[in-house]
Amino acid sequence: MAEVEESGKLKRKLDEEPDSISIKCLRRDSPVENDDKTANKDGEDQTGDGNALHHETESEEVPKKKAHSEDVAAHYNKLEEVGLEQRSTSRIFYLRNFNNWIKSVLIGEFLDKVRQRKQNITVLDLGCGKGGDLLKWRKGRISKLVCADIAGVSVQQCEQRYQDMRNRGRQNDRFFSAEFITADSTKELLCKKYRDSNMYFDICSCQFVYHYSFETYEQADMMLKNACEQLSPGGYFIGTTPDSYELVKRLEASETNSFGNEIYNVKFQKKGEYPLFGCKYDFHLEGVVDVPEFLVYFPLLEDMAKKYKMKLVYKKTFWEFYEEKVKNMEHKILLQQMKALEKYPADEGSRLVSQIKEDYEHAEMFKKDGKAKLPFGTMSKLEWEATSMYCKQCLKIPEIVIKFLSNMHMFA
Ligand SMILES: C[S@@+](CC[C@H](N)C(=O)[O-])C[C@H]1O[C@@H](n2cnc3c(N)ncnc32)[C@H](O)[C@@H]1O
């Protein structure tokens, strides 16, 4: 069960078995569907702990809120494409590369899993942005890609990037086919927009996107539907999203409603109450993100995913994932190739990203330890702090479930 303190803090031991959480949505406009596995037969809340995690009385008057998706789309549409040169001078150069490495390894891992049983791999990139993962799909030798995003300008840039990549390739190169869709995945059914409405995917990749959907139950459910309903048997839903435990922990430790450092800042409206949906915070990351996001309570996402016959394969924080994957030589080499960590100490004549000594205290301690071979890879304290807010997840449709559609116990 989810563990909740009297003060209403969102807290749960991560090593516990996934629990079953039922919700009555405070901001729900329509009743729970009958097949909604997040509610019991009577649509009753099963947590029974009477605190802020609940979406209590439906009779409570809740003013209708304007959806934030338009702001999100406007923000990403405005975001300019930054060239390699400009990017390399950014204060978060290594942080961005590190996050990109995480995505590369994650995507590679699940492409390998799918390839063990089939060659022609189809992928849905949900919230594709400007196509930051196109190269990963190319390297992964997939056959077909569908890119969808709410921000029309980003989708156009993504398509252009794809065309450029294709044109640069050799004529005989086998290149994946692609289609591009502008749509709000929290409100529209994407399958209605596919060229082939019977399109099925082996992987749905949702990188740094899912948290935008947790504004309401309906939006989160629609995004999940788009992510999972068109998955083939054995297909995976993989992604990265901020870790709600870490966010709440940092907020509770802060004296104000916000926390962060010089490169990132997170501001909540209040402390101590964390509704399951619509728990908004403003997230600012230097030059990249400055938009409202919503807390994703992971056990709830996991429970909601059961409706689409999904089973959690794993959930890890970025740090856990890094520690595990870096042991593999191929991943370690990729880390260097992608410049995902900063060389410490810096080469003669070059400078570290930050000139503040305290930002590398951890590296200095590691160096003094004598165990590390010099130089080694690290990031400044500020960047580690920003990236350790994230976790990544992978959900899977076990093959057996599709064959025995209605039998939930088949994959318990
Ligand atoms: C942080 S960016 C990540 C882009 C890309 N996945 C990547 O990893 O480079 C978040 C993306 O989610 C998209 N997004 C946010 N809300 C969305 C929605 N409701 N439907 C579709 N895309 C959405 C934004 O437009 C933006 O491109």
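Heads up, residue numbers simply count up from 1 along the chain you see.
From the backbone N, Cα and C atoms, a Cβ is placed for every residue, glycine too.
Automatic prediction, not curation, is the source of TrEMBL annotations.
Going by TrEMBL, these are the annotated features:
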| type | residues | note |
| --- | --- | --- |
| REGION | 22-70 | region 'Disordered' |
| COMPBIAS | 26-44 | compositional bias 'Basic and acidic residues' |
| COMPBIAS | 52-70 | compositional bias 'Basic and acidic residues' |
| DOMAIN | 90-398 | domain 'MRNA cap 0 methyltransferase' |
| BINDING | Asn99, Asn100 | mRNA binding site |
| BINDING | Lys103, Gly127, Asp149, Asp184, Gln207, Tyr212 | S-adenosyl-L-methionine binding site |
| SITE | Lys130 | site 'mRNA cap binding' |
| SITE | Lys136 | site 'mRNA cap binding' |
| SITE | Arg161 | site 'mRNA cap binding' |
| SITE | His211 | site 'mRNA cap binding' |
| SITE | Glu293 | site 'mRNA cap binding' |
| SITE | Tyr390 | site 'mRNA cap binding' |
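What TrEMBL annotates, mapped onto the structure for a quick look.
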residue	record	DSSP class
Asn100	mRNA binding site	helix
Gly127	S-adenosyl-L-methionine binding site	coil
Lys136	site 'mRNA cap binding'	helix
Asp149	S-adenosyl-L-methionine binding site	strand
Asp184	S-adenosyl-L-methionine binding site	coil
Gln207	S-adenosyl-L-methionine binding site	strand
Tyr212	S-adenosyl-L-methionine binding site	helix
Glu293	site 'mRNA cap binding'	strand
Tyr390	site 'mRNA cap binding'	strand
_Other C-beta atoms that fall within 10 angstroms of the C-beta of Lys103 (S-adenosyl-L-methionine binding site)_ = 19
*Could you check which of the recorded positions Asp149, Tyr212, Glu293 have their CB within less than 6 A of ligand 1?*
Asp149, Tyr212
*In sequence order, which same-chain residues at least six apart have a C-beta under 8 angstroms from Asn99 (mRNA binding site)?*
Phe208, Thr240, Phe318, Thr387, Tyr390
*Between Arg161 (site 'mRNA cap binding') and Asn100 (mRNA binding site), what C-alpha distance do you get in Å?*
17
_Distance check against Lys136 (site 'mRNA cap binding') for the binding-site residues Lys103, Gly127, Asp149, Gln207, Tyr212, keeping those with Cα within 10 Å_ = Lys103
_For the C-alpha pair, I'd like the distance in angstrom between Gln207 (S-adenosyl-L-methionine binding site) and Asn100 (mRNA binding site), rounded off._
10
*Using DSSP with the three-state reduction, classify Arg161 (site 'mRNA cap binding') as helix, strand or coil.*
helix
*Take the domain 'MRNA cap 0 methyltransferase' (90-398) and average the pLDDT across it for me.*
90
_Measuring Cα to Cα across Lys103, Gly127, Asp149, Asp184, Gln207, Tyr212, which the record gives as the S-adenosyl-L-methionine binders, how far apart are the two most distant ones in Å?_
23
_Cβ-Cβ neighbours of Glu293 (site 'mRNA cap binding') (radius 10 Å)_ = 23
_Winner by Cβ contact number (other Cβ atoms within 10 Å) across the binding-site residues Asn100, Gln207_ = Gln207
